[in-house]
Amino acid sequence: MRVIFTGGGTGGHIYPIMAIIERLKERGISTNDKILFVGTKKGLESKIVPAAGVNFKTINIQGFNRKHPLKNFETIKLFLQATKSARKILKEFKPDVVLGTGGYVSGAMVYEAAKMHIPTMIHESNSVVGLANKFLGHYVDRICYTFDDAAKEFPEKKKLVKTGNPRSQQVLSLHEEKIDIKKKWGLNPDMPTVLVFGGSRGALAINRIMLKSLMNLKTKPYQIIWATGTYYFDSVQKKLKGVDIGTNIKVLPYIKNMPGLLPEMTCVVSRSGATSIAEFTALGVPVILIPSPNVTHNHQMKNALDLEKAGAALVIPEDDLNPNNFVSSIDHILLDEKYAKEMSQASKALGVPDASDQVIKVMEEISR
């Protein structure tokens, strides 16, 4: 089976594909000649995909400008040019199936493949359907999804297949290499521990609330691993200079082996991107979610509310965030073992441990 994957711009579009590719490799499908990833030169995928040893090609495309509609004439022109580039790639590679996860590059590639009668499918990771996937839903053979709210947005009900997020299965296969928090950071493995992080670059709002809450948190009977993000680490370190933060708080720039750390955590404080949620639910980790307001269609809030509704998360909107509700939310989970266990069970019930296999099954069903 020859496969073209396409998607880009954000990790939520890229990591599900990388998880599927890893599973295909485990099944003996070579990344050398059977798999191709099509993205953009400027997107995050241009770094992640080649570094993983996966064949990578680019097409030139850009998103719609909602603030300056007149600039969208150029966007439409680029889209038409991109479909020509897509057709050339499709003719050369001759895929048996094309899978898109979102982003404008996905729109051009999957649309052109459908026009050429190549089997096509999309995967939607968020609870709010992105513009590209909403457009492609009319043309593809199958629509895979994670959240039930996303399924409601597609009128093409016969095409829908609930698969979960492929990142879930990948995380479960990785978490065997657990991090020894005592050996690595001198922390007590028998004490409740919370991980606070805002992604690899970090989140300003989360770092600010941590700085405001430190004097309270350092007196608590639990430990905190605070990953500031690489972008904010130096500025946080400057603000902490000469400040006694106690022995129960460890400040780091980022966590390299997240799947190895998550199983050791009693609770996590995080944004609510689709990839992060897939990791939390795969491992059944209770979470306090502070959704980013700076995302399209406020999809992080919708993702977070889905988890809260299931009893797997507490949600604090960024505008409502203050030291009182922040610390009391952490206390609620870390100091109430019964509640933490109930949250963990609810979280695990949402995870799909074989999500990659389910997506691959759909690929095999429709491939030519």
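For all residues, glycine too, the Cβ spot is worked out from N, Cα and C.
Going through ILE89, ILE245, ILE255 against Swiss-Prot, the one listed in the UDP-N-acetyl-alpha-D-glucosamine site together with THR10, GLY11, GLY12, ASN126, SER200, GLN300 turns out to be ILE255. Residue density at GLY11 (UDP-N-acetyl-alpha-D-glucosamine binding site): 20 other Cβ atoms are found within 10 A of its Cβ, drawing on all protein chains shown.
Fewest other C-beta atoms within 10 Å: among the binding-site residues THR10, ASN126, SER200, GLN300, that description fits SER200.
Non-local neighbourhood of GLY12 (UDP-N-acetyl-alpha-D-glucosamine binding site): THR101, GLY102, SER125, ASN126, GLY273, ALA274, THR275, each in the same chain, at least six residues away, with C-beta under 8 Å from its C-beta.
ILE255 (UDP-N-acetyl-alpha-D-glucosamine binding site) has a Cβ environment of 16 other Cβ atoms inside 10 Å.
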